[in-house]
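Read through the structure below, which is laid out as structure tokens, and then see the notes.
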């Protein structure tokens, strides 16, 4: 059963455009690569990423409990400014993590580019900076328990960034290629002349995203 996405249509469209611009419209490196593309659809979901998300989801409640314990121990020793800053950081991390893991699960398992792109953006722009702040700022009075759970969490984050980037790159190009080939087959079936150079995906100088927009990445 397909899971519902929490992302609005406009957000999904924007994320699809970002993914297309990053992984399809690169005319320097991508166009020079030689690949044996096939028209059939391959399974693009990543088992390592799904395993990371699964174990991350189980680990995160222990991370929250550990942070509550350490906050209770050191809260009175923090300055008023850092009490607010630390509390806000933990609340944001907790709220964003629930959304991040869900859209990462949906994006990877159901091969949805916008959700996977949103997962990567949330990881890079929110979770990773906040976690590094908690881990490196000595004025937070880092305790051994803090250090242990933060390091484990950081390993999850780093692995998910690398794997999701590679999966998103492969997924975006594959879907764009399938969409492009589908449109080419429609033109051929209607006896519309198709420029032979356009049928060679790796040598085309006009990006697929510019020709067809981000429709291929929305589903």
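Just so it is clear, glycine is given a Cβ too, placed from its N, Cα and C backbone atoms.
Look at Swiss-Prot and you will find 26 (among others) tagged as N-linked glycosylation site, backed by sequence analysis.
Residues annotated as transmembrane segment in Swiss-Prot: 51-71 (among others). Within its own chain, the transmembrane segment (51-71) is flanked in space by residues 86-87, 90, 94, 97, 101, 104-105, 108, 143, 145-146, 148-149, 152-153, 156, 159-160, 163, which lie at least six positions past its ends and keep a Cβ under 8 Å from the stretch.
According to Swiss-Prot, the feature transmembrane segment maps to 84-104 (among others), an assignment based on sequence analysis. Sequence-distant contacts of the transmembrane segment (84-104) (same chain, six or more residues past either end, CB-CB distance under 8 Å): 5-7, 49, 53, 56-57, 60, 64, 67, 71, 78, 115-116, 118-119, 122-123, 126-127, 130-131, 133-134, 140, 160, 164.
Positions annotated as transmembrane segment by Swiss-Prot, on the basis of sequence analysis: 116-136 (among others).
Annotated transmembrane segment per Swiss-Prot: 147-167 (among others), in sequence order, evidence recorded as sequence analysis.
Annotation source Swiss-Prot lists N-linked glycosylation site at 195 (among others), citing sequence analysis.
Summarising the annotation, Swiss-Prot assigns N-linked glycosylation site to 203 (among others) and lists sequence analysis as the type of evidence.
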